[in-house]
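Scroll down for the structure; my scribbles are underneath it.
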Amino acid sequence: MERNGSAMEERDMIREPLLLRSRINTTSQIAIVGANVCPIESLDYEIVENDLFKQDWRSRKKVQIFQYVVLKWTLVLLIGLATGLVGFFNNIAVENIAGFKLLLTGNLMLKQNYYLAFVALAGCNVVLATCAAVLCAYIAPAAAGSGIPEVKAYLNGVDAHSILAPSTLFVKIFGSIFGVAAGFVVGKEGPMVHTGACIANLLGQGGSRKYHLTWTWLRYFKNDRDRRDLITCGAAAGVAAAFRAPVGGVLFALEEAASWWRSALLWRTFFTTAVVAVVLKGLIEYCKNGQCGLFGEGGLIMFDINNSVPSYNTIDLLAIILLGVIGGVFGSIYNYLVDKVLRTYSVINERGPGFRVFLVIVISILTSCCAFGVPWLATCIPCPENAKEECPTKGRSGSYKSFQCPDGHYNDLASLLLTTNDDAIRTLFSSLNTHEFRIPSLIFFFFAMYFLGIITYGIAIPSGLFIPVILAGASYGRLVGRLLGPIANLDCGLFALLGAASFLGGTMRMTVSLCVILLELTNNLLMLPLMMLVLLISKTVADCFNKGVYDQIVIMKGLPFLEAHAEPYMRHLVAGDVVSGPLITFSGVEKVGNIMHSLRMTSHNAFPVIDEPPITDAPELCGLVLRSHLLVLLKGKVFTRHPRLSGAETLKKYHAFDFAKAGSGKGLKLEDLEIEPEEMEMYVDLHPITNTSPYTVVETMSLAKAAIAFRELGLRHLCVVPKTPGRPPIVGILTRHDFMPEHILGLYPHIDPHK
């Protein structure tokens, strides 16, 4: 008991920095979204089979079904087009803003105005960082960070305020542009996934009464099931737009983002990513004529710069195994440190928007000092005689930055640090000059990227983890290639690619999708066997220490994510052990006053409806009625003075779409109802809006089985019914919160969570 008690205290301490004990949980759950604490609800993926739904389904014609299918494909097409355009706009903006900043700094360095060059670099970075931070801190805190954990939680059934709101989309786009252009060690790839999901959510709202977009066709999408499918397509489109990897985008959605999958969704996501690929290809061709400012090769990353045919020997295979182990160890340490930094930053972020902006400015100055100061540690290297590009580089991009070096020499650290992240990756993956970077420079660069990536993630800007991880992994991969140069067949560029893959596998814990994304990035299918090997090893090693970075952040933020498997201790409990009370039920024909009182006193989203004599011979469970449906029914005031069945009147007055879920705008609230005192004594028939086929489990079912059924079916409520007759027809209702470890282990602290 003493050991279990200390284990409980340890678990509390792990969660404490982000979900303080002083915060009272008055709803089903609270979590951190961006930098704010907000209540969490679940999404309704279950079809509510009430009389109104059945009437609507029977009356649907083939034309209406055809309209629904056509509109769904049209929305998927629009998601692909919009995400592709936003991805291209992001890249054009970053390349031009960062290009101007780097050109200004480079020109001042050529004139040997070193102090002025640093002031220009740091000043531009601070201004851009402040713009990103102000947008994030004051307009949409939910836009901070990668956004992938939030999208992953949403697709698991978690609904949090502003995760996919239009304001979040706006800040995600412009905040990502400013943040990446400010020189932070962050990527725009994670935010693009969130952006794609926000675009899909915006298009899948099912119309808006506020903006008079109430076209009949749009109303078909006023439900969480269709929005879930569209947002899955949006997440896949975001990956495709970020990496120009359409197949990788589909696999990312399948492996990492989505909790529910089916064949129809597979080809919709594939169609979406194909549209993104076509849009990007067309726009890049347009920009090849120099009509997009400083946008060039470094824009939409496609690292097809290594055309060598990989041949490898035993030494290479041993080195690749070593890279996999290194990637797993470094990846697990990276995740551990990111966890600690996020918990530290949460204390600062809780103090208010001003402190969040101040933290961003501090990290920006530190990053600028590192980018400008570290190259002074490097010695100048003579330009290679057979260089295929200008040396030293005079323009914005290039592999040979002169920095403080005389003519005919270049600074290898400046070539990596004073450039865009995409150009740095391209340079590391290059096989044109094996000795382009000295070993000490690669070591310095690795530690700079490793630790700057850790301290930057968690500040109030949109920030992706892919690029920092690729940069750090590519640097130690190229380092291994340099060390094994005389005895290895693979060149340094391929070792850099495998190093990036190993670090990605060690942090993200994805395999198939990462493998395909990297192959599409590098346009080198011959690397497939080696890529598979290094990803499998790095993931296996890292899994021995902790969880993937996105899973870790989901837990840290308190998002009630349901895993695909049940925890071991759940097999020692049954469903009846964790249902919480008191259970509030309604009769099939209920007094209006009782309903109003229950709605005021609780925040429950569903109530059991029980038929009693004289409607039935004995009390029996009629089904579940949703809170939102009760509000609509009460507003319509289909009341009777005496308890009687009046469902026919309700079916004539209402259509199923009247009870459809509102979009991101405000739905009907209890405060919107105006019920007169005399109406409180009247009755309303709940049968037409009651879901008569709710999912139920017997109270003696294993909690592990109930948890798996709850997740696989995408439920919000699971009714628990008694095993023996002669008792009330329902024992309780299981919700997402009831399956959370904190709730279960709080009820049964003596249980060992690992057994």
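Backbone N, Cα and C atoms are what each Cβ position is placed from, and that goes for glycine too.
Because TrEMBL annotations are produced automatically, they should be read as predictions rather than curated entries.
Keep in mind that this is a model prediction, so the values were computed, not measured.
The domain 'CBS' feature in TrEMBL is assigned to 689-753.
Residues or ranges marked as transmembrane segment by TrEMBL: 65-93 (among others). Taking Cβ pairs closer than 8 Å, the transmembrane segment (65-93) reaches residues 173, 176-177, 181, 188, 192, 195-196, 199-200, 203-204, 217-218, 220-221, 226, 229-230, 233-234, 237-238, 240-242, 268, 271-280, 283-284, 287, 292-293, 295, 299-300 in its own chain, all 6 or more past its ends.
Annotation source TrEMBL lists transmembrane segment at 114-140 (among others).
Annotation source TrEMBL lists transmembrane segment at 160-186 (among others). Residues 31, 33-34, 38-41, 86, 89-90, 93-94, 97-98, 101, 121, 124-126, 128-129, 131-132, 135-136, 139-143, 147, 150-151, 153-154, 192, 194-195, 197-199, 201-202, 231, 363-364, 367-368, 371, 421, 449, 452-453, 456-457, 461-465, 467-468, 471, 559, 664 of the same chain sit 6 or more residues outside the transmembrane segment (160-186) yet have a Cβ under 8 Å from a Cβ within it.
For 230-253 (among others), the entry in TrEMBL reads transmembrane segment.
When Cβ-Cβ distances below 8 Å are used as the criterion, the transmembrane segment (265-284) is approached by residues 72-73, 76-77, 79-81, 83-85, 87-88, 229, 232-234, 236-237, 239-241, 244, 246-247, 249-250, 253-254, 258, 299-300 of the same chain, each at least six residues removed from its ends. Residues annotated as transmembrane segment in TrEMBL: 265-284 (among others).
The annotation transmembrane segment is assigned in TrEMBL to 317-337 (among others).
TrEMBL lists 357-378 (among others) with the feature transmembrane segment.
When Cβ-Cβ distances below 8 Å are used as the criterion, the transmembrane segment (442-471) is approached by residues 34-35, 129, 132-133, 136-137, 141, 143-147, 171-172, 175-176, 178-179, 184-192, 194, 242, 330-331, 334, 337-338, 341-342, 345, 349, 353, 356-357, 359-360, 363, 366-367, 370, 374, 377-378, 413, 416-417, 421-422, 424-425, 428, 478-479, 482, 500, 503-504, 507-508, 549 of the same chain, each at least six residues removed from its ends. The annotation transmembrane segment is assigned in TrEMBL to 442-471 (among others).
Residues of the same chain lying 6 or more positions beyond the ends of the transmembrane segment (483-504) and with a Cβ under 8 Å from any Cβ of it are 305-306, 308, 310-313, 315-316, 319-320, 323-324, 326-328, 330-331, 334, 425, 428-431, 434, 439, 466, 469-477, 510, 514-515, 518, 522, 524, 527, 530-531, 534-535, 537-538. What TrEMBL records for 483-504 (among others) is transmembrane segment.
If you look at the transmembrane segment (516-537), the same-chain residues 6 or more away from its ends with a CB under 8 A from one of its CBs are 239, 243-248, 251-252, 301-306, 309-310, 312, 317, 320-321, 323-325, 327-328, 429, 494, 497-498, 500-502, 504-505. What TrEMBL lists as transmembrane segment is 516-537 (among others).
For the transmembrane segment (357-378), the partner stretch with the highest count of Cβ pairs under 8 angstroms, out of 114-140, 230-253, 317-337, is 114-140. Taking DSSP states H, G and I as helix and E and B as strand, the domain 'CBS' (689-753) has 22 helix, 12 strand, 31 coil.
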